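Student: For LYS92, GLU115, ASP116, VAL117, ILE118, THR119, THR120, GLY121, GLY122, SER123, the entry in TrEMBL reads 5-phospho-alpha-D-ribose 1-diphosphate binding site. Among the features that TrEMBL reports, orotate binding site is placed at THR119, ARG147. Sequence annotations record features per position, and here TrEMBL assigns domain 'Phosphoribosyltransferase' to 43-156.
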Amino acid sequence: MLHLMDVLDLYKQTGAYLEGHFLLASGRHSPKFLQSTTVMQYPEHAEALGAALAEKFRDLELDFVLGPAMGGVILAHTVAKALGCRALFAEKAGKGMILRDAFKVTPGERFLAVEDVITTGGSLRKAIRAAEAEGARCVDIGCIIDRLGSPLAPRSLVQLEFPSYAPDACPLCRAGVPLEEV
């Protein structure tokens, strides 16, 4: 089982733990960013993270694991593999998300929604709505890293309290630190 320091070490060793001034998907700004795709490009790290996260959900009866594209695709696959169920992903469509037509969801199916890093949970909520629109039921939420900004209360491998700021209240902007889109 991976622990806090193991997970952070993976991010640091692969260059995925970034410091600077970042524009988050939520629109907020942060001095720190965790680039999970950098870690997940290594199959051994993806498998280890997925298996560790799956351990938190062994008590659930699931039909599939769902992740939002792009950050949750590999994670959904590795968690589903560890739990022995299907892996689906939701992709952007307008302001929301949809499931691909090839994914057949039967009303009443139970799913776990996963994401690499949750800050506000906006992307994950859209993915959940897409599966629920097909009649499936979200029974729990998981992530590798919970930045403690989300009302979703996921089960996570790591909880980190990185500061994030509304753009008009960002001290990094006021200090003239260049903003990076990630």
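Glycine is treated like the rest: Cβ placed from N, Cα and C.
Could you give the neighbours, burial and distances for every feature on this list?
Tutor: Following the DSSP three-state reduction, the secondary structure of ARG147 (orotate binding site) is coil. Proximity of ARG147 (orotate binding site) to non-local residues of its own chain (separation of 6 or more, Cβ distance below 8 Å) is seen for VAL117, ILE118, THR119, LEU160, GLU161, PHE162, SER164, given in sequence order.
Residues of the domain 'Phosphoribosyltransferase' (43-156) grouped by DSSP class, helix first, strand second and coil last, total 35 helix, 38 strand, 41 coil.
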Student: Run through the Cβ atoms and count how many others sit within 10 Å of the one on ASP116 (5-phospho-alpha-D-ribose 1-diphosphate binding site).
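Tutor: For ASP116 (5-phospho-alpha-D-ribose 1-diphosphate binding site), the count of other Cβ atoms within 10 Å is 24.
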Student: Which whole number of Å gives the largest C-alpha distance between any two of LYS92, GLU115, ASP116, VAL117, ILE118, THR119, THR120, GLY121, GLY122, SER123, the residues noted as binding 5-phospho-alpha-D-ribose 1-diphosphate?
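Tutor: So the binding residues stretch over 18 Å, Cα to Cα.
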Student: Taking the Cβ of each of the binding-site residues and counting other Cβ atoms inside 10 Å, which one has the highest number: THR119, THR120?
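Tutor: Of the binding-site residues THR119, THR120, the highest Cβ count within 10 Å belongs to THR119.
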